[in-house]
């Protein structure tokens with residue numbers, strides 16, 4: 001009996017041995033894969049993968065992962081290997097329409113010295129390529145990054161008159177490609193470009209500058225590619241732009257054609273904007289200091305004409321200060337061959353300061369000449385010390401000497417005869433008029449030389465009125 005039971009057990013073991021070997025070779029492998037999958041996903045951040053029941057993977061979430069190789073790869077879906085994307089869509093047919101819209105993010109800088117501006121913008125292209133159409137039951141688009149751009153055809157738009165430009169690449173290249181099932185494509189890129197702006201500084205700093213950023217296809221003329229604004233005037237959008245020296249008055253898109261003798265006509269798009277300069281900065285840095293220097297030069301008109309050191313030092317100081325202001329303004333401006341509005345104001349103000357120095361030179365000269373004449377004609381007493389009169393400023397002064405009055409000449413027959421001859425010459429109209437003019441000019445000159453202090457009195461009124469008149473004319477023309 002025992003032998004029969006033992007034989008039965010051996011037969012059962014022999015029959016179950018292949019099944020045990022099959023299970024041991026299959027299920028441990030599956031379990032290792034499952035544990036590996038759980039281990040890898042457990043290292044991900046919270047929210048990336050949901051684990052349920054102590055580490056078991058939610059198989060429903062796993063099935064919804066569209067990046068698994070169970071689905072068709074993007075390159076296979078778009079049939080990239082089946083076409084030659086070195087050629088434009090519809091090659092040999094009509095021109096391919098490419099819509100453009102731009103969103104200006106910022107105007108980073110504007111340089112008057114280099115005559116350029118730097119702008120950061122989002123440039124978006126819209127076109128249709130039937131070669132990239134794909135079947136889709138949900139009619140949803142697919143979005144890709146820069147890795148797919150190099151494998152398909154994209155428009156070769158460039159910036160005319162650009163000096164430097166680059167595509168932002170932090171943290172990845174700022175490029176987006178969106179493909180729709182019907183073959184429509186959206187290609188967006190974030191670019192910073194530095195472009196030329198031909199500026200006119202004839203009214204600087206009261207000027208308004210018109211700048212433009214121009215877009216054009218490099219290789220395809222109007223027979224192959226047609227650039228146009230996607231939504232008309234609404235194709236150009238801007239964020240709130242605040243500049244330190246300029247106020248952006250207007251952004252306006254426009255369209256035109258450019259001709260090249262060797263390749264033909266090309267479509268060109270323009271981003272036009274108007275910049276009006278803020279004047280307050282230049283009022284504080286240039287105009288107000290210049291006005292103060294001119295008014296400071298007028299102080300010498302109230303200083304005694306005998307105080308030579310005081311008036312000369314004041315005049316030289318104002319002249320040197322004006323020279324410094326002119327040099328500083330010229331250093332921050334391009335070397336243009338025409339006169340700017342600020343140059344007119346600075347050099348006119350410099351002329352007023354320079355004339356105030358010349359005015360004192362004339363006053364001092366006339367004073368010296370008149371006093372020397374008085375000293376020659378006067379009888380100086382022996383007790384008079386000439387060094388005492390010259391001790392103050394090196395000139396003789398009329399109030400230091402008692403000059404005797406000259407007696408009137410006695411009337412003689414000769415003088416009476418001369419008087420009669422003078423009266424007879426008055427009847428000649430032309431000759432008398434010339435003599436009277438000469439006598440008037442000579443009399444006025446002698447009067448000014450004998451009363452040189454009156455030059456300061458007249459300058460106190462003439463200089464401020466002339467400068468006020470100049471400012472009225474200047475600001476009415478340029479403001």
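Yeah, the Cβs are placed from backbone N, Cα and C, and that goes for glycine too.
TrEMBL does not curate its annotations; it predicts them automatically.
Per TrEMBL, signal peptide is recorded for 1-22.
Annotated domain 'Neurotransmitter-gated ion-channel ligand-binding' per TrEMBL: 80-278, in sequence order.
Taken from TrEMBL, the feature transmembrane segment covers 279-300 (among others). Sequence-distant contacts of the transmembrane segment (279-300) (same chain, at least 6 residues past either end, Cβ-Cβ under 8 Å): 205-206, 244-245, 310-311, 314-315, 318, 321-322, 325, 329, 342, 345-346, 349, 352-353, 356-357, 360, 459-460, 463-464, 467.
Remote same-chain residues near the transmembrane segment (312-332) are listed as 112-113, 286, 289-290, 293-294, 296-297, 299-300, 303, 342, 346-347, 349-350, 353-354, 356-357, 360 (criterion: CB distance under 8 Å, separation of at least six residues from the stretch ends). Sequence annotations record features per position, and here TrEMBL assigns transmembrane segment to 312-332 (among others).
Long-range contacts of the transmembrane segment (344-366) within its own chain (CB-CB distance under 8 A, at least 6 residues past either end) are made by residues 286-287, 290-291, 293-294, 297-298, 300-301, 305, 308, 311-312, 315-316, 318-319, 322-323, 325-326, 329, 395, 448-449, 452-453, 455-456, 459, 463, 466-467, 470, 474. Marked as transmembrane segment by TrEMBL: 344-366 (among others).
Residues or ranges marked as region 'Disordered' by TrEMBL: 407-433.
Look at TrEMBL and you will find 458-477 (among others) tagged as transmembrane segment.
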